[in-house]
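Notes to accompany the following structure.
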Amino acid sequence: MKNIRNFSIIAHIDHGKSTLSDRIIQICGGLSDREMEAQVLDSMDLERERGITIKAQSVTLDYKASDGETYQLNFIDTPGHVDFSYEVSRSLAACEGALLVVDAGQGVEAQTLANCYTAMEMDLEVVPVLNKIDLPAADPERVAEEIEDIVGIDATDAVRCSAKTGVGVQDVLERLVRDIPPPEGDPEGPLQALIIDSWFDNYLGVVSLIRIKNGTLRKGDKVKVMSTGQTYNADRLGIFTPKQVDRTELKCGEVGWLVCAIKDIHGAPVGDTLTLARNPAEKVLPGFKKVKPQVYAGLFPVSSDDYEAFRDALGKLSLNDASLFYEPESSSALGFGFRCGFLGLLHMEIIQERLEREYDLDLITTAPTVVYEVETTSREVIYVDSPSKLPAVNNIYELREPIAECHMLLPQAYLGNVITLCVEKRGVQTNMVYHGNQVALTYEIPMAEVVLDFFDRLKSTSRGYASLDYNFKRFQASDMVRVDVLINGERVDALALITHRDNSQNRGRELVEKMKDLIPRQQFDIAIQAAIGTHIIARSTVKQLRKNVLAKCYGGDISRKKKLLQKQKEGKKRMKQIGNVELPQEAFLAILHVGKDNK
């Protein structure tokens with residue numbers, strides 16, 4: 001056990017985690033040169049296309065150190081985006097140390113800090129690494145000072161490397177072996193294994209990634225899931241050297257995969273503890289804190305026949321993604337679907353794309369909303385995650401919206417722009433600290449503003465230099481209203497949105513104008529209205545298509561023309577009474593883009 005090292009690689013987006021993993025795999029000979037490709041651990045094609053890591057991946061390698069010993073390295077490559085930070089915290093729970101990768105050109109950014117604090121809270125040894133020293137803009141001296149100044153760990157002798165060219169990666173490994181402590185645990189004690197992650201394989205059933213804390217797990221053992229008390233047979237187990245390799249046993253301190261032929265997707269929840277059926281452990285291992293979704297949206301299959309397939313797909317996906325929340329929902333406009341909870345907009349996009357690709361579904365998404373806390377006049381408190389669940393205006397005593405605490409790091413030059421943006425988003429400044437030429441800003445901004453497009457706008461006002469990390473702080477009373485959209489006098493539940501009263505007039509008008517362009521013209525007038533309660537705040541009309549009934553009249557008497565026009569008018573009126581309006585998918589997406597074009 002003294003030769004095992006478990007560690008994660010944590011860093012801000014694009015600071016070179018996955019590339020560093022590639023080099024480590026190459027040096028330790030996990031894959032032959034022929035099998036090697038860039039970002040070998042980003043196995044999902046979605047990850048490769050966007051150039052981001054979504055799922056944490058684990059690898060077990062053997063490394064022959066300069067002291068002559070061979071060490072077993074179990075390492076986990078983690079995502080950098082704030083939406084996937086739960087992946088990072090889960091990975092860290094399986095480790096004793098973490099490599100904090102910092103780009104020697106960009107310096108410390110918000111995610112660097114957030115991930116580093118997560119690691120420190122779990123009492124992990126954090127080893128700083130300065131990456132990308134081959135860049136002309138690299139300034140390792142300044143960045144080392146920044147790490148000390150902002151993060152507060154000693155970085156004077158931080159390893160310097162370039163993962164792209166491979167310079168200094170050997171030193172990273174030596175430092176790892178030296179600084180990160182070996183796992184603790186009792187190899188002879190009763191088995192305790194933590195489920196770090198799981199996914200569904202169509203042939204094998206549920207595959208779990210586990211970390212053995214105490215005891216040993218052998219092939220053929222009967223294992224028991226501690227939370228449900230279910231027992232299963234350990235059919236196959238092994239490690240990833242990125243490839244799946246079978247082993248006969250997993251020893252104390254190791255990280256590996258396990259297949260128990262579990263068909264039920266809720267059979268082995270992530271964060272649970274496995275133990276042996278014949279010699280069970282007393283205590284459950286501390287799991288992970290449940291992450292609360294921050295953004296909710298309705299997902300509906302385009303054709304209602306896909307509902308069953310959609311339900312199964314969500315089940316399989318939620319096994320792989322513990323933070324996905326879903327419950328059935330029906331809408332008069334869109335039929336049956338699910339209300340899903342996500343950690344952020346990127347997470348929502350990724351889930352939707354994975355459902356469409358991996359499970360071949362066509363989906364419609366409604367506008368994302370956050371959770372509001374509503375105190376009704378009868379003094380009960382309810383949580384509302386969709387505009388249609390909001391009680392009538394006269395039944396609401398107080399409506400509270402979630403406030404996010406946003407930590408931003410940015411160069412001083414962009415401070416003015418960023419403050420303007422935060423104020424526009426109804427933010428309140430709580431803290432501001434200067435570190436060299438970097439500024440650390442803390443704002444409290446309503447969650448609804450943060451999840452919509454705050455991140456994109458922050459990046460564009462600061463030319464990509466500002467970085468953001470946010471977390472939920474509290475609920476705060478606020479003057480929010482629900483804007484309904486009426487089409488020919490009928491409410492369309494899927495188009496409603498909750499917004500601040502000050503913005504409601506503008507949001508309503510923009511939405512109505514946008515819908516006008518998107519709804520195709522029909523044989524009768526379509527009135528599109530935005531309303532708060534019964535009060536109409538905006539309206540526009542999609543004009544009807546009409547035939548020129550006077551074309552055959554040539555000269556003709558005025559009364560003849562009037563008769564024809566009157567007849568047409570009556571026909572249109574009858575049509576309007578029975579006519580239905582088809583809404584295209586773009587109309588539902590219009591809500592997302594309200595307020596984007598006029599900036």
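Heads up, the Cβ atoms here are built off N, Cα and C, so glycines get one too.
These features come from Swiss-Prot:
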type	residues	note
BINDING	Asp14, His15, Gly16, Lys17, Ser18, Thr19, Asn131, Lys132, Ile133, Asp134	GTP binding site
DOMAIN	2-184	domain 'tr-type G'
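Swiss-Prot feature annotations superimposed on the structure.
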| residue | record | Cβ within 10 Å |
| --- | --- | --- |
| Asp14 | GTP binding site | 17 |
| Gly16 | GTP binding site | 24 |
| Ser18 | GTP binding site | 24 |
| Asn131 | GTP binding site | 31 |
| Ile133 | GTP binding site | 19 |
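Taken residue by residue with DSSP, Ile133 (GTP binding site) is part of neither helix nor strand, so it is coil. Here the domain 'tr-type G' (2-184) returns a mean pLDDT of 77 for the predicted model. The full span of the recorded GTP binding residues, Asp14, His15, Gly16, Lys17, Ser18, Thr19, Asn131, Lys132, Ile133, Asp134, taken as their largest Cα to Cα distance, is 17 Å.
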